[in-house]
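Structure, as structure tokens:
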Amino acid sequence: MATKLLALTCIRKERFSERYPVVRKHLIRSRGGGSPSESAVLEIDEEVVSRAVFRVLGMTCSACAGSVEKAIKRLPGIHEAVIDVLNNRAQILFYPSSVNVETVRETIEDAGFEASLIENEANEKSKQVCRIRINGMTCTSCSSTIESVLQSVHGVHRAHVALAIEEAEVHYDPRLLSYDKLIEEIENAGFEAVLISTGEDVSKIDLKIDGEFADESMEIIERSLEALPGVQNVEINGGSDKVSVLYKPDVTGPREFIRVIESTVFGHSGHIKATVFSEGGAGRESQKQEEIKQYYKSFLWSLVFTVPVFLTAMVFMYVPGIKHLLMFKVINMLTIGEIIRWVLATPVQFIIGWRFYVGSYKALRRGSANMDVLIALGTNAAYFYSLYTVLRAATSPDFKGVDFFETSAMLISFIILGKYLEIMAKGKTSQAIAKLMNLAPDTAVLLTLDEEGNVSGEEEIDGRLIQKNDVIKIVPGAKVASDGYVLWGQSHVNESMITGEARPVAKRKGDTVIGGTLNENGVLHVKVTRVGSESALAQIVRLVESAQLAKAPVQKLADRISKFFVPLVIFLSFSTWLAWFLAGKLHWYPESWIPSSMDSFELALQFGISVMVIACPCALGLATPTAVMVGTGVGASQGVLIKGGQALERAHKVNCIVFDKTGTLTMGKPVVVKTKLLKNMVLGEFYELVAATEVNSEHPLAKAIVEYAKKFRDDEENPAWPEARDFVSITGNGVRATVKGREIMVGNKNLMSDHRVNIPADAEELLAEAEEMAQTGILVSINSELIGVLAVSDPLKPSAREAISILKSMNIISIMVTGDNWGTANSIAREVGIDSVIAEAKPEQKAEKVKELQASGHVVAMVGDGINDSPALVAADVGMAIGAGTDIAIEAADIVLMKSNLEDVITAIDLSRKTFSRIRLNYVWALGYNLMGIPIAAGVLFPSTRFRLPPWIAGAAMAASSVSVVCCSLLLKNYKRPSKLDHLKEIREVQVDRA
């Protein structure tokens, strides 16, 4: 597989150099005549040039292409730009030192078109992805600022910052900078950064050493571990008993580290023991819990001070005895009540509210403004005006003024309460990931085998100590500790926690099992194939996390608003105060409007503060990411893995679905049902030649033929077939090879016609008969003479017809595209109810069909499972890969259907529609809240109704708006699949039982 991909890469580079001779000339000059296909990176004047390909939607004519080309070429560092209107492609040559792909993409979108990156051909060694946890973000302005800071760092290809999960994913060139530099840049911007993962092909484990040992003993341990093959780095903090080891899991593992540590002799030191170190839920969850505790503690302390302030200002002033005490004058006009409120409000303002000062300082230092700035300005205005009234009252015998200490204290208390509730709610949006991560069992039973493969012993070990090629025992009721395949035993395994499929799956020798699934009724011996970050569970977690980091295009609305939202609010707040103040001074409204406890200045000040604190940029920033987080999490629990907000947004618009046939509409497990020889030949010899040729192919039909051929070799489970020389796979037609000196061709009529092999009439009749029965006819020739005809049947998936019927009821067009012959394709299409069919299509023709549908105005989804579907999956607006398909198809897709059931196509589209509907609702609420709340806070209702919004109520409303948006997104957790799918599930289970 790797060889094929390398060959494809080389061919692509050669064509690229032919298209751009100038580039090729410089490349040859710089390398002394080396081939341009030797590297994916082109060197021009000793500077790296990268190639990126974008999908550009919205271009209708050459004028559109011209405007895109001009916009791109205006950017610094662009070497060449080629725009293909027909295929909606833009191919860009650029200098990464001057411009990055994200800047190019934004430039295309600023020109009025939708752009998404398809391919970026920088040297793979120059790409690394790290994930960083960021603490201190409060709103979209913060995440946008960090994104801009990271994008501006030399060597960063692109960066995504997710406010909802407080993480950043950075694609960068490790040759130009390290992740330490990225963390430094984030911290310089005023935020706390913690590295989560580096993206390197290594694993990390922390070990705790118990026992008596000296400092020199730790040095010996460090040197001993560093000497082991596969160990990348060893860290021992001075005076600590913890050892961190960075290692390659393919080469070594944690049990080897423990053995080395415990077998090291320290002279006078006593016996030591090493165990896996656990910080009790370290990582994002512990960080979130710590943050929740901090806000809860801050809120309780704020209540201690704020409640008395509120009582003295709002309640006790109406209790006769207490009112007299509070109004007692201490110095001049300064009362006991004012002193109490001043003393109690000060700790709330400057100790509990210190976080807002820090956040404001950091935001203003980097030239931006966020929610902290609004809160700090609003509370400071109330506090320092109140302080002014206290000082005036103490120094003046006739000053009369009202303090607003309760406003600043209650504002801070309500905002902290809102943040506490918001973080609690946001934590629930990521519960899907937490549940997935908790699936892995804590312990495992490790088996020891003798030379003959018999079990000689067993030992219970920590689940984190499992290594590749271990053999583990899974008893009934236990979870499978790691990915692998069954060596011995048979059972049923419940895989619902991974695939969403509730029906237990039968497992026997040779079958694969997934870590975290539940063994039900038998004992299994499993050989471990994947551990740590390579496991299916870890990959699913990583995919869901990446999906939650990726921004949906609709998020751009919030990002654009956030750039001017806070400055606009500050301007409106000042304008509100000024307007009411001037109106009072100029007597534009009657004095009866002014409350008895205030003057016109104080009334204007309250209106201004209310405007400042009611505006909520947080609700806008959380509208999209929280819904995407919940939606992708719900999808994962249903066995539908959605790769980000962009896939969600496009999926809800899908109105046309293109289905591959083999493995998608059919079971993908074809079997040979008929063989007809046209010449006298022993059937066993015939199948030996055919299997020797087909064993080199990865096509499902080839595998079916090889499997059938094994029946003629009963003595061997995995027979050795004769050597096939000069093997050639002709895409879409078949294969050719030389076996035992004879040229063998296995394929369709086109293959035979291209090589001038005569097809007799009886062979034509056999092919037509097979096609009428929805079977695939395969021809076999030996030395250019047709020898036999095979009929291969691939049964339809249960409920395939019903799934297509439901899609029709959803006004979605279904089309089948297959490389199979027209007769078989039409028969299958009739069975499932598909009207439009394209047969005998090569991979590139599948992609072309997708482009034709897009050009006619359809939003196209492609559902496939094989390597030959990858071009179409990439070309489609939404690519859906069957989970049982190839890794390349899954990599190329936007959505992965883990259960390989067609009803999950419906689930994916329905879930995307529900999620996007929730995003719209969030935006309606967030925008509507600000558009209605700000005018009310500014006092537009006051002249007619005398209704005004006190600042502390405005602050409570602001806090409630963020919580309401998150709670609205959380309602998606109650998502139920369309009721029609329950009937489909029953049909599928009945058909499986019959089978």
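Here the Cβ of each residue, glycine as well, is placed from N, Cα and C on the backbone.
Automatic prediction, not curation, is the source of TrEMBL annotations.
Per TrEMBL, the feature domain 'HMA' maps to 50-116 (among others). Assigned with DSSP, the residues of the domain 'HMA' (50-116) fall into helix, strand and coil as follows: 22 helix, 24 strand, 21 coil.
Taken from TrEMBL, the feature domain 'HMA' applies to 128-194 (among others).
Residues or ranges marked as domain 'HMA' by TrEMBL: 203-269 (among others).
Tertiary proximity for the transmembrane segment (298-319) is limited to same-chain residues at least six positions away from its ends with a CB under 8 Å from its CB atoms, namely 326, 337, 340-341, 344-345, 347-348, 352, 355, 403, 405-406, 409-410, 412-413, 416-417, 420. Under the heading transmembrane segment, TrEMBL lists 298-319 (among others).
As annotated by TrEMBL, transmembrane segment applies to 339-357 (among others).
Remote same-chain partners of the transmembrane segment (369-388), defined as residues 6 or more beyond its termini with a Cβ less than 8 Å from a stretch Cβ, comprise 138-139, 141-142, 341-342, 345, 349, 353, 355-360, 363, 403-405, 407-408, 411-412, 415, 566-567, 569-570, 573, 602, 605, 608-609, 612-613, 615-618, 951, 955. The transmembrane segment annotation in TrEMBL covers 369-388 (among others).
Taken from TrEMBL, the feature transmembrane segment covers 408-425 (among others). Nonlocal intrachain contacts for the transmembrane segment (408-425), taken as residues 6+ away from its ends with a CB within less than 8 angstroms of a stretch CB, comprise 288, 291-292, 295-296, 298-299, 302-303, 305-306, 309-310, 344-345, 348-349, 352-353, 356, 375, 378-380, 382-383, 386, 613, 618, 622, 951-952, 955-956, 958-960, 962-963, 966-967, 970.
Non-local neighbours of the transmembrane segment (564-583) in the same chain are 141, 368-371, 373-374, 377-378, 589, 600-601, 603-605, 607-609, 611-612, 615, 617, 620, 934, 937-939; each lies 6+ residues outside the stretch with a CB under 8 Å from one of its CB atoms. If you look up TrEMBL, you'll see 564-583 (among others) marked as transmembrane segment.
Residues of the same chain lying 6 or more positions beyond the ends of the transmembrane segment (603-623) and with a Cβ under 8 Å from any Cβ of it are 138-141, 143, 163-164, 370-371, 374-375, 377-379, 381-382, 385, 404, 407, 411, 415, 422, 426, 558, 561-562, 565-566, 569-570, 572-574, 576-581, 583-584, 593-595, 919, 922-923, 925-927, 929-930, 933-934, 936-939, 942, 948-951, 954-955, 957-958, 961-962, 964-966, 969. Marked as transmembrane segment by TrEMBL: 603-623 (among others).
Here TrEMBL flags 923-943 (among others) as transmembrane segment.
Taken from TrEMBL, the feature transmembrane segment applies to 949-972 (among others). Distant neighbours of the transmembrane segment (949-972): 375, 378, 382, 404, 406-407, 410-411, 414-415, 417-419, 421-422, 425-426, 428-429, 606, 609-611, 613-616, 618-619, 622-623, 626-627, 629-631, 634, 914-915, 918, 921-922, 925-926, 929, 933, 936-937; these residues of the same chain sit at least 6 beyond its ends, with a Cβ under 8 Å from one of its Cβ atoms.
Within the chain, the transmembrane segment (339-357) has long-range Cβ neighbours (under 8 A, six or more residues past its boundaries) at 298, 301-302, 305-306, 308-309, 312-313, 326, 330, 372, 375-376, 379-380, 383, 386-387, 390, 403, 405-406, 408-409, 412-413, 416.
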